[in-house]
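One structure is given below, represented as C-alpha cells, and several questions about it will come after.
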Amino acid sequence: MTKKEKIIVIVGPTAVGKTALGIQVAQAFNGEIISGDSQQVYCHLDIGTAKASQEEQESAVHHLIDIRDVTQNYSAFDFVQDALEAIKDILSRGKIPIIVGGTGLYIQSLLEGYHLGGNLDQSALLAYRQELESLSDEALLDLMAEKNISLKEWTRRRAIRAIELDRFGKDLQNQEFPYEFMLIGLNDDRSYIYERINQRVDQMLEMGLIEEAKWLYEHYPQVQASRGIGYKELFPYFEGEISLEEASQNLKQNTRRFAKRQLTWFRNRMDVTFYPISEESYPIRIINDIKIFLENKAQDD
C-alpha cells in the first residue's frame, strides 16, 4: 500500500495570527504556504484582505495570493483545483505544504473531498448543508432510509455527505483527500479576539484601507471582490451617507460577527485541535506537535 504524504492546515477566525504562525511553521519545517482565503486571491486588494506583506512573502513562499483580477469570480471549486495543484507541486520539490486560511467552505471542501462540479452553485450546496446540519441524528437516519442510502459506518458527517451526494449527483464528486493532514486551529476568549479585531481595523485604516476601498468603489463597485468585509462597509461613507467613524464601527462589528461565524464553522463542521493564542508559548507547542506528526509513520493509503 502506498503511504499518504503529509500536509499542515492552520485555521481560525480573522486577526488571530494565522499568517505569522504559518511563516514560523514554514521556516521550521522547510514548508511553503497555500492561502486558504477567498479574498486574498485578488490582485490590488492587500490591506482589507490582511494579505501577507511583501516582507512576509519573502520570508516564506506563498501560493494562491494575487492569482485573480478583481473583476473575476472565485469559488470553492476553483480553490480545490488550485490547492491540489499547489500541494502536488510543493511535495514534488521535497517541501511541506502548509494551508493557512479562514474560509471554512474552501478548507472543508478540500479536506473532505468535495470536488464541486462546474454546474453546481456553491450557495445551493451551502444552504442544503446547513439544512441537513440542523436535523437530529434520528431525522438524518429517516432521510437516509427514505432515499435508500446506506453507510458501512455511520457518523453525522458521513451521513450528511452521502445525502448531499444523493441530492447533487455528478455535480458533487466525492473523492477522498489524498493526503494525511494535521488540522490546527487558533482561538481564545471571545473578548480577547474581539479586542484584536478592533486593533486590526484601526491599523488597516492607518495603513491606507480607505484609499484601497475607494479605488475599488470607483472602478469596480459591483464585482464579487467588493462584497468582502473591509470594503463594503466603507462604500456608504464614500457616498456621504455615514461618517468615517460610523463606517469604522460598522467594519469592526461586521468583522467580529464574521469571526464568530468562522469559529462556529470550524468547531461544528471540522475536527480541529485549537490552541489558545494568549498563551505566550503556543507557537512552540504547535511546532513540537507538528514535529511529532511529521515524524510518525505516514498513514496507509
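The backbone N, Cα and C atoms fix where each Cβ goes, and this holds for glycine too.
OK, Swiss-Prot features for this one:
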- Gly12, Pro13, Thr14, Ala15, Val16, Gly17, Lys18, Thr19: ATP binding site (BINDING)
- Thr14, Ala15, Val16, Gly17, Lys18, Thr19: substrate binding site (BINDING)
- 37-40: region 'Interaction with substrate tRNA' (REGION)
- Thr103: site 'Interaction with substrate tRNA' (SITE)
- Arg129: site 'Interaction with substrate tRNA' (SITE)
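Could you place the listed features in the three-dimensional structure?
Thr19 (ATP binding site) has a Cβ environment of 23 other Cβ atoms inside 10 Å.
Secondary structure at Lys18 (ATP binding site), as computed by DSSP, is helix. Around the Cβ of Lys18 (ATP binding site), the same chain contributes Ile10, Val11, Gly12, Val100, Gly101, Gly102, Leu186, each under 8 angstroms and 6 or more positions distant in sequence.
Mean model confidence of the region 'Interaction with substrate tRNA' (37-40) amounts to 96 (pLDDT, 0 to 100 scale).
Classification of Thr103 (site 'Interaction with substrate tRNA') by DSSP places it in coil, neither helical nor stranded.
The Cβ of Arg129 (site 'Interaction with substrate tRNA') lies under 8 Å from the Cβ of Ile160, Glu164, each on the same chain and at least six residues away in sequence. DSSP gives Arg129 (site 'Interaction with substrate tRNA') a helix state.
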List nothing but the one residue from Ala15, Val16 whose Cβ has the fewest other Cβ atoms within 10 Å; the candidates are the binding-site residues.
Ala15
In this structure, which of the binding-site residues Gly12, Pro13, Gly17 has the fewest other Cβ atoms within 10 Å of its Cβ?
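With the binding-site residues Gly12, Pro13, Gly17, fewest surrounding Cβ atoms within 10 Å: Gly17.
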Cα-Cα separation of Gly17 (ATP binding site) and Thr103 (site 'Interaction with substrate tRNA'), in Å?
15
Please spell out the DSSP helix, strand and coil residue counts for the region 'Interaction with substrate tRNA' (37-40).
0 helix, 0 strand, 4 coil
Measuring Cα to Cα, how many Å separate Thr14 (ATP binding site) from Thr103 (site 'Interaction with substrate tRNA')?
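Cα of Thr14 (ATP binding site) to Cα of Thr103 (site 'Interaction with substrate tRNA') measures 10 Å after rounding.
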At the Cα level, what's the spacing in Å between Thr103 (site 'Interaction with substrate tRNA') and Pro13 (ATP binding site), rounded?
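The Cα atom of Thr103 (site 'Interaction with substrate tRNA') is 9 Å away from the Cα atom of Pro13 (ATP binding site).
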